[in-house]
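Annotated features, as they stand in Swiss-Prot:
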type    : residues : note
COILED  : 344-373  : coiled coil
DOMAIN  : 199-232  : domain 'WW 1'
DOMAIN  : 234-267  : domain 'WW 2'
DOMAIN  : 321-368  : domain 'SARAH'
MOD_RES : S94      : phosphoserine
MOD_RES : S136     : phosphoserine
MOD_RES : T210     : phosphothreonine
Amino acid sequence: MLSRKKTKNEVSKPAEVQGKYVKKETSPLLRNLMPSFIRHGPTIPRRTDICLPDSSPNAFSTSGDVVSRNQSFLRTPIQRTPHEIMRRESNRLSAPSYLARSLADVPREYGSSQSFVTEVSFAVENGDSGSRYYYSDNFFDGQRKRPLGDRAHEDYRYYEYNHDLFQRMPQNQGRHASGIGRVAATSLGNLTNHGSEDLPLPPGWSVDWTMRGRKYYIDHNTNTTHWSHPLEREGLPPGWERVESSEFGTYYVDHTNKKAQYRHPCAPSVPRYDQPPPVTYQPQQTERNQSLLVPANPYHTAEIPDWLQVYARAPVKYDHILKWELFQLADLDTYQGMLKLLFMKELEQIVKMYEAYRQALLTELENRKQRQQWYAQQHGKNF
């Protein structure tokens with residue numbers, strides 16, 4: 001090969017100085033703030049990397065072919081300060097009961113859903129700090145490789161065992177937090193915390209869980225979510241008390257107003273669209289003898305000014321003469337009531353005039369009929 005001539009810039013460069021590469025340690029505070037998948041890579045291996053455990057007695061012996069661990073998801077031990085170790089130990093002791101705290105708490109026949117779990121993180125919600133727990137390397141090294149043909153039988157045994165395990169678990173342990181890689185064949189609705197399950201949910205409410213296993217309540221009436229049960233003791237207004245009686249059942253007492261009721265004071269009133277029962281109509285006879293006390297109209301006895309009577313009879317073209325802005329609001333209300341009284345009196349006079357005219361017409365018709373009958377009788381006597 002032909003050698004390339006060095007340029008003037010390359011000739012003028014100084015000789016490189018070889019140094020030692022030192023890896024920078026990450027601060028413990030920043031390590032806790034970084035997500036786990038950034039620090040350690042993916043935590044869920046592929047199916048070809050980890051095989052299911054054997055059901056034989058020698059399944060967990062360390063001799064024989066050992067599973068080759070995937071270095072992409074198994075973290076290496078990190079040198080920590082004594083303060084960091086004490087803080088993690090305190091977090092581990094304060095962890096909830098449904099998280100596995102040691103390798104002895106993990107069932108060996110639980111299947112592959114926990115065989116590759118290297119990190120279990122507690123839910124970090126509402127500002128609570130999360131704790132992480134790691135299983136020892138012997139847990140991975142003690143699993144033997146199995147042929148691919150036997151995995152179908154192991155999968156069936158896994159789901160069958162999970163079904164029996166979920167049925168034997170007590171109901172007060174809460175929802176299991178693992179669920180990584182596979183979903184159990186049993187509904188997780190039976191693994192809820194029954195501390196507030198004794199209270200029935202109001203109409204339009206339902207229960208659900210977050211991705212980290214925390215229980216919350218959904219109000220479909222207002223499309224809102226709540227962490228606490230809608231009918232819990234903490235949800236009562238001030239001055240209310242929930243009483244559980246063997247004789248009367250559960251009821252709520254309002255110590256402020258000295259009353260009791262069965263309905264929760266904060267329960268939403270949802271209208272029900274049930275068919276109402278048929279009601280037979282029974283007309284009630286109104287008693288006409290009762291004297292109804294009606295307040296008298298103050299304008300009937302008030303003296304109407306002369307100018308207001310002139311204004312009521314005057315045509316509209318003279319309205320600009322009165323300056324209404326000089327009147328007070330109370331006076332205008334009084335004059336408006338007086339004008340209504342004048343119009344009612346005028347209407348009453350008009351009605352009386354038409355009624356007198358109608359009575360005169362009826363009287364004239366009656367007189368003419370009587371005259372015709374009298375003439376007919378006289379004409380019959382003559383013949």
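Cβ atoms are placed via backbone N, Cα and C, with glycine included.
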Quiz prompt | Residues of the parent chain within Cβ reach of the domain 'WW 2' (234-267), under 8 Å, 6 or more residues beyond its termini | solution = 202, 228
Practice problem: Tally the residues of the domain 'SARAH' (321-368) by DSSP class, grouping H, G and I as helix, E and B as strand, and everything else as coil. | Solution: 44 helix, 0 strand, 4 coil
Quiz prompt | DSSP residue counts for the domain 'WW 2' (234-267), split into helix, strand and coil | solution = 2 helix, 15 strand, 17 coil
